[in-house]
Amino acid sequence: MTARIGVVTFPGSLDDRDTQRAIRLAGAEPVALWHKDKDLKQVDAVVLPGGFSYGDYLRAGAISRFSPVMETLIDQAKAGLPVLGICNGFQVLTEAHLLPGAMLGNDHLHFICRDQKLRVENAETAWTSDYVGGQEIHIPLKNMDGRYVADERTLDMLEAEGRVAFRYLDRNPNGSLRDIAGITNAAGNVVGLMPHPEHAVEPLIGTGRTDGLPFFTSILKKLVAAS
Amino acid sequence: MSLDTVENAAKTPDVELPWAELGLKKDEYERVVEILGRRPTGAELAMYSVMWSEHCSYKSSKVHLRQFGEKAPQSDAMLVGIGENAGVVDVGQGYAVTFKVESHNHPSYVEPYQGAATGVGGIVRDIIAMGARPVAVVDPLRFGAADHPDTKRVLPGVVAGIGGYGNCLGLPNIGGEVVFDSCYQGNPLVNAGAIGVMRHEDIHLAKASGTGNKVIMYGARTGGDGIGGASILASETFDDAKPSKRPAVQVGDPFQEKLLIECTLEAFAEKLVVGIQDLGAAGISCATSELASNGSGGMRVDLDDVPLRDSTLSPEEILMSESQERMCAVVEPSKVERFLEICAKWDVIATVIGEVTDGDRLEIFWHGEKIVDVDPRTVAHEGPVYERPLARPDWQDALQADDAGKLARPANAAELKEQVLALVGSPNQASKKWITQQYDHFVQGNTVLAQPEDSGMIRIDDTSGLGVAIATDGNGRYAKLDPYTGAQLALAEAYRNVATTGAKPLAVSDCLNFGSPEDPAVMWQFAEAIRGLADGCQQLGTPVTGGNVSLYNQTGEAAIHPTPVVAVLGVIDDVARRTPVAFQEDGQLLYLLGDTREEFGGSAWSQVIHDHLGGLPPKVDLERERLLAEILISASRDGMIDAAHDLSDGGLIQAVVESALLGGKGARLVVPDGLDAFTFLFSESAGRAVVSVPRSEELRFTDMCGARGLPVTRIGVVDGDAVDVQGEFALSLDELREAHEAVLPGLFG
C-alpha cells in the first residue's frame, strides 16, 4: 500500500496542483481536499499549500484558518496527524495556533522570488527525516509576507527544544527573526516553512534541483513504516 | 434628467447630447444618427462612443492591420486567427496554445500599480475566454530615463502591480524585457502577454447563438471605476491642462480573478458554455455587442439585473464601466442551474442578465423601458475606418545620414575595457534581477526557463515533455531609424530567442506602440512597421495570430520611438532538450554563428558611450535567421551544444558576459581574423548567436553548420573566472557582476 496525502485547496490556493505532483513523484497518492468540506477523506497526512488564500486580505492565512476543513484538521493535528504548511500554509498554521509566532511583511517591502539556501536544523520531524541534521539545501522562496516573528521567550523555547526546523543561510531574505525559515511543533508532526519544497522536485523544472523531494519521501516512509 | 428611452429619443430629435465630451468626432456622431435613423439615447451614445474609440475600434490602424491577414503564410498550426480574444495555435499531441500581448500604457502612467495590475488581469481574461488555462505571463516594459525622478515613481509601481496581480493568480512570469529611454518619459509602455493551454476540442469563441440561451454575467460587481477609460484614456494624448484622469483607471482584485479562472475552467470542463467574452475595455457595451454581433441572433439584456457595487450608477455608467474581473457567458437554459452552482462553489456572483433572441437587434432595458435598440454589428464591427494621412518625416533622411560609424571608437585596450564595463553596467544592459525577483516564476511547477533566459519555456505535458517557449522583443531605437527594418529586427530577435532555447518558432502576436495617429509622421512609422512585420512573418512562415495597437503614446509634440513589440511562440517536443544561456562547463568551445559587420546604428554602444541615435539599423536577412534557427534547434535536440545565447543589443560581449555570470564560469575569447576587437565585441549585426560546444561534439556541430552554409567561427573557450579577451583585456567575474547587478538596486532598491 502507499500513503494517501491530502492537499487542501482554499480559494486562492496556487500551489495545490504542484504539491499534488510532488506527492505523486515521491510515490504517495495525493488526495484533493476542499476547504468547505470538513471531511479529510481518511488521509494519512495533509499539506496546506502555498498561495494567496482569500487574497491574503485582512492578514495572510487569517480567513482560511476559519474554513470548515480547518476545524477537523486542527483537532486531528493535535492528535498526531502529520501536517505540512508551505508558505501560505505556514501562515494558516500560525493563525490556527498549531505553530507559534506570526508572519509579517518582508522587511524590504517587496515580493521576493529566489532560490534560497537553507540549513536543515531538525531532521527528526515527520517531514524531514530523509534529511541529515545540518544538511544545506536550496529551496525556492517566493512570498510577500515571509518575516517570521515571535516574542523572545517563544524564540528561546523553539531554540531550546530544537523546534527551529530550517534556517536561512547566506542572506536572510525577509528579516525573519533568528533567520528562521521553518519550525515544527513539539511532537514533530506539524511543520511549517516559507520556502517551497514542492518547487524543487524535478531536475528540469524551476531551479533544476530536487532538494525538496525528501519532504515527501520522509512522510511517505514514516507512513508506510507505521502501516 | 429623466430616463432617455428609445421612444423618447425618437420623439425628441433636437436634444443636444455630449458626444464631443465622450470622445466622438462630429462626423462620427452624425453617422450614429444616420445608422439609427434618429438621435441615439444616452445609453446608445455611451456604447457607440466607447466602442468606436481608437482603443476598441482600431479605426486608424485597421486599414494597415489587414496586411497581417492578406500576407499570412500558409500554416497548419493556426487554429483561430485574428479577431477573436486571442489567436490559437496547434502545438501537437492534441494541445492548442493561445497567446496574446496587450498594452496598458496610459493607465500605468496615471496610476502605475493599478494600471499594470489590471493589464495583467485583462490579458489573462482574454486567455480564459478562449477556453484555455493560463500557464504563464510575460511583461515587455519601457520606461523613461533610469535616473529620472519620475521613473522612480512609475517603475516600482508597475513592477509591484504586475507582481501583485500575477503572483496572486498563480501564473509564472517567465519573460519580457525592460528598456529605459527618455522618449518613454511621459509615456511608459506596459505591455502584458499571457499564454494559455487547452485541448483542441476545448476552444471557445465569443459568440452568442441559440435563441433562448441565457446571457450570464459573473465575477465582480459593477462599480464606477474605469468609466470611459477606453475612450478617454487610451484614445487621447495627455495634456496637463485637463483635469486628473485618475478615476478612469480601474482597480484590480486578483483574488476575484483567480476564482474567475477556476470557475470558468470548471464550467468549460462540464461543457456548459456556448459562447464567452471577458469584460475589459468598454465593459458591458463591448461584451454584449461583440457576443451578439459574432452570433447568429440578437440579444436582450436587462441592466437592472447587473449586480452593482454602487446602486446610484446610471444605466449609461453601467454600460461603460470597466470594473475588472467580470465575464459574460452564453449558456443553454438547461445548463444554467449547473453553471450557477459552479459559480456558487467558488463564491463567484453570477446572474442571468439576458438572453439570445431570434431577431438581429441588441436591446437593452432599464426599469422595463427600452434604452438601447441597435444593430450590434454597427457597434462592434462597423465603426469608422480612417485612412489617415501619412508622410515620411522630414527629419528621417538627416537621422539616417548621421552614421554611427563615424563615432569615436576606443583608442586602446584600456578604453575598450572601460567601455565594456560601462555597457554591461548601463541600465539597459544591466541585470534586471531586481525586477524579475518580484515575480513568481516557479508556480504551477512547469517552468523550464524564465528570464533572463532567451525565451521563457513552460512544460505543458508532464509525460511527453512537450513544451512551449515565448520571447518578446522590440527595439524602438532601431525602429526610429527605419520602422520597416526595425519591425523585422524585432521579429527576427524574438524568433531567434525562441530558437536559441531549442524551440521551433510557430506564430506571432504583437503589441504595436506608437504616437498619435493624427500626426502623419507617426502614421508613416506605423504603416512601415506593419508592412515590415507582415512581410517578415510571411517570409519566416510564422503567421500573426492577433495582437494589440496602442496609439497616442505621445505627450505634446513628442512621440515615443515607434515600438513594435513582437512576441514569438515556439514549440519543443521535449523540454529536456532545451538549451540554457548559462555556460555549463569549463573547457567547452565557444562558437560564433553568423556574420559580423560594422553595424552600430541604434546600438547600445552608440547610446551608452555617445548618447547617439543615428544611421541605419543592422541589416535583416530573414533567410539567414531561418537557417540559424534550424541549426540551433537541431543542435539542441541532438545534444551538440550545452549553452546558447542570441546576440542583440550590446553585441557579443554582452551575450558572453551574461552567459558567464549566469553560469559562474568565465571565458577566454580570441578576436577572429578579419575583425577588429571593437567590432567583434560591440557590433549588433543580426542573425547571430554564440554557442558552447562540448569538445566531443565539435566536429559534428561544425560539419552541420558547414553543410548547411552557416558561417561558424571558433572564438574561444569556457574557462576560469574572468572574461578574458586575449591580447586586449580581462575582467573578473566579480568585477563584471558588481557592474552588472548593482545598477537597478542602486536606482530603485
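Cβ atoms are placed via backbone N, Cα and C, with glycine included.
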B:Tyr58, B:Lys100, B:Asp510 bind ATP according to TrEMBL; which of B:Gly144, B:Gly467, B:Gly474, B:Gly547 goes with them? B:Gly547
According to TrEMBL, B:Ser103, B:His104, B:Asn105, B:His106, B:Arg125, B:Gln250, B:Glu322, B:Ser323, B:Gln324 bind substrate; which one of B:Ser516, B:Ser550, B:Ser603 is annotated to that same site? B:Ser550
Quick test of the contact rule: Cβ under 8 Å, at least six residues beyond the ends. What residues does that give for the domain 'Phosphoribosylformylglycinamidine synthase linker' (B:21-59)? 1, 4-6, 8-10, 12-13, 15, 65, 228, 230-232, 234-236, 281-283, 285-286, 289, 314-317, 319-320, 364, 366, 371-375, 378-380, 383-386, 517, 549, 551-552
Surrounding CB atoms that lie within 10 Å of the CB of B:His55 (active site), all protein chains: 27
Are any of B:Tyr58, B:Asp126, B:Asp278, B:Asn548 (the binding-site residues) within 10 Å of B:Ser103 (substrate binding site) when you go C-alpha to C-alpha, and if so which? B:Asn548
Hey, of B:His55, B:Lys100, B:Glu102, B:Arg125, B:Asp510, B:Gly547, which of those recorded positions are within 10 Å of B:Asp278 (Mg(2+) 2 binding site), Cα to Cα? B:Arg125
Cβ density check for B:Glu322 (substrate binding site), other Cβ within 10 Å (all protein chains) comes to 30
List only the single closest residue to B:Tyr58 (ATP binding site), chosen from the binding-site residues B:Glu102, B:Asn105, B:Glu322, B:Asn548 by CA-CA distance. B:Asn548
Anything within 10 Å of B:Lys100 (ATP binding site)? Look among the binding-site residues B:Arg125, B:Asp126, B:Glu322, B:Gln324, B:Asn548, comparing CA atoms, and list what you find. B:Asp126, B:Asn548
What whole-number distance in angstrom separates the two most remote CA atoms of the ATP-binding residues B:Tyr58, B:Lys100, B:Asp510, B:Gly547? 16
In whole Å, the longest Cα-Cα distance within the recorded substrate binders B:Ser103, B:His104, B:Asn105, B:His106, B:Arg125, B:Gln250, B:Glu322, B:Ser323, B:Gln324, B:Ser550 is 21
Starting from each candidate's C-beta and looking 10 angstroms out, tell me which of the binding-site residues B:Glu102, B:Asp510 has the most other C-beta atoms. B:Asp510
